[in-house]
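Novice: I'd like to ask some things about the structure below.
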Amino acid sequence: MPKLTARQTKKQNENKPDQRAFGPLFNKDLGQHILKNPLVAQGIVDKANLIGSDTVLEVGPGTGNLTVRILAQAKKVVAVEMDPRLAAELQKRVHGTDDQRRLHIMIGDFMKVQLPYFDVCISNTPYQISSPLVFKLLEHRPLFRCAILMFQREFALRLVAKPGDELYCRLSVNVQLYAKVDHIMKVGKNNFRPPPQVESSVVRLEPKNPPPPVDPKEFDGLLRILFTRKHKILSANFKQTGVLQMLEQNYRTYCSSNDLMMEDNFDIKSTILSILDSVGMADVRAAKCDMDDFLKKSS
């Protein structure tokens, strides 16, 4: 049998049904890595503990490998897909079936669309929107029951990291303030088509209800200072010139907007250090602080 030239081999591969139907659809720039392992897909859906009356929000449904399994257990799926080509593939997949009327596809950028009511979220998340997606979900009202979310493994481990862990960071605290987060499954890169460059993990996120009475912007502002150098004692972080100048300006703005007089001899540095001493936090490190410690400093 004569040996095929490189050009003939390429043409032969392009004419294979699987390549022709799906290969050209995948756009790595949009983080499109389709989960192809049916056992993993079913495992993710099973972790959601769906009931027959659930409305499920799916982010990035792709060609529907998770979607059809969700539809088998839930009342309705709202799928948000940015790529019209993949949305068309998904629509074709359910066309003429009982699932067609229970699937609503929203074409658009998840970060820009207005989310409808949903009970559960399931997402094979485009990795470049991992953090914004988590916070958009946590800000959604009414609160949902849980979310089963696939992320790049290191990001997932940051979400679940505890005080003392190397990956414990501002993200860990901000998310755990509003939700219980558990790592539930590792997913290897070969379970995707095309394979991503990194390993993945699935986490389960359950919003705290009611949410804590904390101003999220103020709390995050505090964490930004504390985690600038998370292994330094807290008083050292607050002694930085840039931090002191920012805090003094913020305090002046606060006094002005609330018709308060600012003392002539006001010293922001001594005031902050005095507060840290009063709550016994001057010599601790952010890397070792738990949620109660952070809430104590924010109050």
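Heads up, the Cβ atoms here are built off N, Cα and C, so glycines get one too.
Owing to the predicted nature of the structure, the values given are computational and were not obtained by experimental measurement.
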Novice: Check each of the ranges 1-22, 243-264 against TrEMBL and return the one annotated as region 'Disordered'.
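Specialist: Range annotated as region 'Disordered' by TrEMBL: 1-22.
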Novice: What is the number of other Cβ atoms found within 10 Å of the Cβ of Glu81 (S-adenosyl-L-methionine binding site)?
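Specialist: The answer is 25.
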Novice: What count of other C-beta atoms do you get within 10 angstroms of the C-beta of Asp109 (S-adenosyl-L-methionine binding site), across all chains shown?
Specialist: 9
